[in-house]
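Chemist: Questions regarding the structure given below will be posed in turn.
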Amino acid sequence: MGILGLSKLIADLAPQAIRESEMKHFFGRKVAIDASMCLYQFLIAVRSEGAQLATVNGDPTSHLMGMFYRTIRLLDNGIKPVYVFDGKPPDLKSGELAKRAERREEAEKALKAATDAGDDAEIEKFNRRLVRVTKEHAREAKELLSLMGVPYVDAPCEAEAQCAALVKAGKVYATATEDMDALTFGSTKLLRYLTYSEARKMPVKEFSYDKLLEGLEVNNREFIDLCILLGCDYCESIKGIGPKRAIELINNYRDIETILDNLDTSKYTVPENWNYKVARELFIEPEVADASAIDLKWTEPDEEGLVKFLCGDRQFSEERVRNGAKKLLKSKHAQTQVRLDSFFKTLPSTPNAVHAAKRKAEEAKKSANNKKAKTSGGAARGRRPK
């Protein structure tokens, strides 16, 4: 689910935090990619196009085709991807997972009804809703990435949290996912639509964490409370409070505790036994592997290994796989070029960096105004300025 309404709220109140760019703009960047989100996109895309990509036994291979060719495209554009896979979901997510299971059951019933009625459009719609990424999909994707020479990380818990940890440690430039909660976990940069197909012609949308905090006039802790009010995967939200009201409450009271002390409960319904404090701590201190100890290496592809893995039972074209392997090798050798900013050391981000910078800017502005006032006073007493 991510964070409900956050993208639009940022677009409305902190548009300076969003920049749209072509993929080539990120040449030379290392990017942590939410692997499960990617695999889901690939499975959904193939269904919507009506294609049937499968092994001789009928097992789907669309996730492998998507991973193979989309990764090649990223590398062709000078981007060095590292894929991050989900671990076990946190206990707090059990409520959201239960809701998803209920929606799945409803979709299965609706699919049966659509099938009985012979409604192709409805059949397609509910088939898409039943798509999910399995452990086998993830296992095969990891094997493919190893053969391609592309690194991956197994997160102990949420992939978005691990991606954010890699960004904060300076290991990668940004998190690439469609889930906005990567920002709630503190990723200083979030890229949306990076792994979309070229045919969709969607520019990459880059969100800056520091700029959105400044635009929304909140610090990192207040931003987390805002996201909980908007609606996250880890607890319920207060009924009746939408994005506009949520940011007003945070700007007025600064935290959920004070909001609850001043909330009109006849107008808004607070969930019983609301776990917002535990959800807050999960965002502040998520379960992640030590990012500073993770060694990311991009190696040469194993062409013969790729042919053996993708061709045969999986029915990929050997010619296309070999051409893909050659592109991988070419892109690896071409990536000796570096971005100019890579010559300067990137320090791991700190949550309050934006506020320190803001204070510094305000002090500089105040100092400049004082100097201007003195200069103006001098001009009044001396020669009339031309």
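Backbone N, Cα and C define each Cβ position, glycine as well.
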Chemist: Record says D179, D181 bind Mg(2+) 2. Source is Swiss-Prot. Which of D119, D120, D225, D233 does it list for that same site?
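Modeler: Checking D119, D120, D225, D233 against Swiss-Prot: the Mg(2+) 2 site match is D233.
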Chemist: D12, D34, D210: which one does Swiss-Prot list with D86, E158, E160 for the Mg(2+) 1 site?
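Modeler: The one candidate that Swiss-Prot places in that Mg(2+) 1 site: D34.
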Chemist: For R70 (DNA binding site), which residues in the same chain are close in space, meaning a Cβ under 8 Å from its Cβ, but six or more apart along the sequence?
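Modeler: R70 (DNA binding site) has long-range Cβ partners C38, F42, T195, S197.
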Chemist: Looking only at Cβ atoms, how many others are within 10 Å of the one on D86 (Mg(2+) 1 binding site)?
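Modeler: Total other Cβ atoms inside 10 Å, all chains included: 20.
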Chemist: When the Cα of E160 (Mg(2+) 1 binding site) is compared with the Cα of each of the binding-site residues D181, G231, D233, which one is closest?
Modeler: D181
Chemist: Could you give the number of helix, strand and coil residues in the region 'I-domain' (122-253) as assigned by DSSP?
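Modeler: Counts, helix then strand then coil: 69 helix, 16 strand, 47 coil.
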Chemist: In whole Å, note down how far the CA of D233 (DNA binding site) lies from the CA of D86 (Mg(2+) 1 binding site).
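Modeler: Roughly 15 Å, rounded to the nearest whole number.
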